[in-house]
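What follows is a short report on a single structure.
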Amino acid sequence: MQQDRPMTRWERFKDNDIVWSFLHSPGAIVAATITLIAILACVFAPLIAPFDPFDPAQISLWDGKLPPAWIDGGQPQYLLGTDNQGRDMLSTILYGGRLSILVGLAAVCLGMVLGVTLGVISGYVGGVTDAVIMRIADVQLTIPGILLAILINGIGRAALPLELREEFAIYVVIIAIGLTDWPQFARVTRGATMVEANKEYVQAARIIGLPGWMIMLRHILPNTLRPVLVIATIGLALAIIAEATLSFLGQGIPPTTPSLGTLIRVGNEYLFSGLWWITFFPAIALVVLVFAVNLLGDWMRDALNPKLR
Amino acid sequence: MLFFILKRLAQSVLVMAIVSAVSFSLFNFVGDPVNNMVGQDATREQRIEIRQQLGLDDPILTQYTRFLGNMMRGDFGLSYRIKRPVDELILERLPATLELVFVSAIIALFVGITLGIYTGIRRKSWISRSILSVSLVGVSLPTFIIGIALIYVFAVHLRWLPSSGRSGTIEFGWWKTSLLTVDGWRAIILPAITLSLFQLTLILRLVRAEMLEVMQTDFIKFARARGLSERAINFRHALRNTLVPVITIIGLNIGGLIAFSVITETVFQWPGTGLMFIQAVDFVDVPIMAAYLVFVALLFVLINLIVDILYFIVDPRIRLGE
């Protein structure tokens, strides 16, 4: 780009290599659009959804088990049909997706905070602390995440008294998935921290006598965040799948405030009576959501880290 | 060599110690064991007596040592719900899980390697391209959704195969097998496919990548220059050299199969150990939960130990690095 006048902010933004890569990758644009639409639809579910599935006044059992609008017997106000309780499928999916995304984000955040903190400490302090943290991460990585999440979630549920289980189910799920997530974050952050720690600006900060925590927080941490973002995106897809799986197993979000996984579980019981839409639409919503987030993560990995290409 | 194995062994023992401590603490922090044994309406004296019988008044460390001793003998006490010894219950359920994992592993290996070779050799053909795109979708589909889809198509719609349970079992001592009858095979086929699909795609992609890499090497070019037939190049030279990494990841894949068997068993109501664990959580059946935890940890520790040692034997570079 010619420099006869200073670049405007927008031009500088467009000139950024990440933005360039994004605008030249149709897959990434489609994935980002789908993800954005899904997130917006779920965030604004109360405004978009034609019905409120949690309002008993809007639900009538008479309208239960109606097929989608384009099939014989369907009614135009229920576009995707209704479930066994007469709730509009489209509305329950929007509300369910909202919960799924929320739980996924919360779980990834928990795993990220935990993993990045331990990773920076591990990489900066080194020695025994480093050895202990990384050994734990190694051991945890040998066990498949979904199994670990099922086990931690199971222990968490069992530890709660029966009457509190439904109320706290969502937190137990978030903690279980977050705790299985952290080793990836810790490993990547530790590697990046070790690279940064030897650079001159960190040594300069040390010489002027800044305390260790401040060097870690203010100087090293911001420089390790690129790879963390990639792992967080791929982790979000995995966390959404993990939540759906736990809920499908009946170990996650209770049917009173269903997530996508819970909806699929409930619908599964009606599959044999031929009421396929109660399972089918939430399942499709879940698959599309996960697929879009996955594609986005793949693109981000390529764009942010040329070494992995 | 000896030092390496000893180091790995020490690590494994440490892991088992942590897991056993977790499962021991389950007994103490989850529910009241006395309530679970006698029910709500026992008298105070009865409760105190049972507390003493169970040794719950001893110091924690004594209790933990006793728990470890029992664990070594495979004794986890009685299930709260079914009132039978837990080790017996697990042994009863184990054949179902192992057979499911075994059949899935065979499917994943056989189909995965075959398709991997095909897509590796004919990488430009449209069949290879479609196999690869389908496998990409397969990776992002959650296991339970694949299970539901298979049930809907083959059990509900076409009515070809049963949708749940295990049938046609024949007993050999304590081992109940379903692999010897037509009914048994009909029941195992859907869950086995569901379980194998994810591993299958992984193996497919790995074999393909390895094949592509080997095809670029000098010795394959040299074999071409010598005028060997395509068949000899593909199978005698290329395939052989791709199998080393494939064999080493099989061990880890068995771990993955066991992990996902929990989900598959629940979808198909397959009476294995995974379904037992899920049901135990619902009823807070602590002895079964604790036993399953130790069992799974032991399995993974063993698998990893074996894979590590195999790596060590197969790849001399690791030996030098240590």
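Heads up, the Cβ atoms here are built off N, Cα and C, so glycines get one too.
Annotated features, as they stand in TrEMBL:
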- B:12-30: transmembrane segment (TRANSMEM)
- B:94-311: domain 'ABC transmembrane type-1' (DOMAIN)
- B:100-119: transmembrane segment (TRANSMEM)
- B:131-155: transmembrane segment (TRANSMEM)
- B:184-207: transmembrane segment (TRANSMEM)
- B:243-268: transmembrane segment (TRANSMEM)
- B:288-314: transmembrane segment (TRANSMEM)
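Taking every listed stretch (B:12-30, B:100-119, B:184-207, B:243-268) in turn, the largest tally of C-beta pairs under 8 A with the transmembrane segment (B:288-314) is reached by B:12-30. For the transmembrane segment (B:184-207), the most Cβ-contacting stretch among B:12-30, B:100-119, B:243-268 is B:100-119 (pairs under 8 Å). Within the same chain, residues 127-128, 131-132, 179, 188, 191-193, 195-197, 199-208, 211, 234, 239, 246, 250, 253-254, 257-258, 261, 264-265, 270, 272 sit at least 6 positions outside the transmembrane segment (B:100-119) and bring their C-beta atoms closer than 8 Å to a C-beta of that stretch. Only residues 6 or more beyond the boundaries of the transmembrane segment (B:12-30), in the same chain, are considered here, and those with a CB under 8 A from a CB of the stretch are 60, 63-64, 67-68, 71, 284, 286-287, 289-291, 293-294, 297-298, 301-302, 304-305.
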